[in-house]
Amino acid sequence: NLYSWIHTTNILCFCFLQMNANDCHDPPKYWTIHGLWPDRAEDCNRTWHFNVTEIKDLMSDMRHYWPDVLHSSLNRTQFWKHEWDKHGTCAATLEVLNSQKKYFGKALELYQHVDLNGCLLKAGIKPSSSYYKMTAIKEALTSFYGVTPKIQCLAPEEGEEAQTIGQIEFCFTKELQLINCTAPKGESNPMQAHLKLGNEELSVCNDTLPTYYPSEVQ
C-alpha cells in the first residue's frame with residue numbers, strides 16, 4: 001500500500017467568518033461536514049471522476065449536513081467533487097469506503113454518530129456573545145468522547161483579544177473507531193497544521209486566548 005493509513009479524519013466544520021459577502025454563503029447555524037480525509041494521501045486516482053448520480057439517494061442529507069458554505073455558485077456539487085477527487089479516491093483503499101456512495105454515506109453516518117452539535121449543547125457550550133476558555137471546550141469534548149479532537153481557530157483580528165473557533169477534527173482508525181488526534185512522537189501533526197477557510201487561515205487554537213463561538217454572521 002503506497003499510502004499510510006494511520007487514521008482518517010472526519011472534519012466537522014461550522015463556517016463563521018467576517019469576510020466578503022461572497023466568501024460565506026448563508027452559513028447554517030449548526031456544525032457541518034468539511035470532509036473525511038485519509039492521512040498523508042491526496043489525489044490518489046485522477047481517473048476516478050466524481051459522478052453525482054452515484055449519491056443521488058444521499059442528496060437531501062448532503063445538502064443539509066455537507067453544504068458548501070464558502071461559495072455562492074449555483075453548482076453546489078463542486079465542493080463534493082473536490083472532496084472526492086482529493087480525499088475520497090484515497091479513502092477508497094478501504095473496503096468500507098470504496099465507492100462514492102460508501103464514502104459520502106459513511107461520512108454522513110459518522111457525522112450523526114459524533115453528534116457534535118448535541119455534545120456541545122449538553123456541555124452548556126453554545127453560540128454566544130461571551131467568550132469561552134479553550135481549555136473548557138477541550139475538556140468538555142474529551143470528557144464526552146473519551147478522545148482528544150483537534151480544534152482550530154481563526155486568530156484574533158487586529159485590536160481584538162479573542163480567537164474564533166472554526167473547525168473541529170475527529171480522528172478514526174481504519175476500523176473507524178475514534179482515537180486521539182495526536183501525531184506520533186517526533187513527527188508533525190498528522191493533518192495539516194494550517195488550513196484555508198475562504199480568505200482566512202485556521203490553525204490549532206491557543207489554549208490561553210479567550211475563544212469566541214459566534215452566534216451569527218455580522
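Just so you know, glycine gets a Cβ as well, placed from its N, Cα and C.
These come from TrEMBL:
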- H34: active site (ACT_SITE)
- E83: active site (ACT_SITE)
- H87: active site (ACT_SITE)
- 1-21: signal peptide (SIGNAL)
To the nearest whole angstrom, what is the C-alpha distance linking H87 (active site) and H34 (active site)?
11
Are there residues of the same chain, six or more positions away from E83 (active site), whose CB falls under 8 angstroms from its CB, and which are they?
G35, L36
DSSP three-state assignment for E83 (active site):
helix
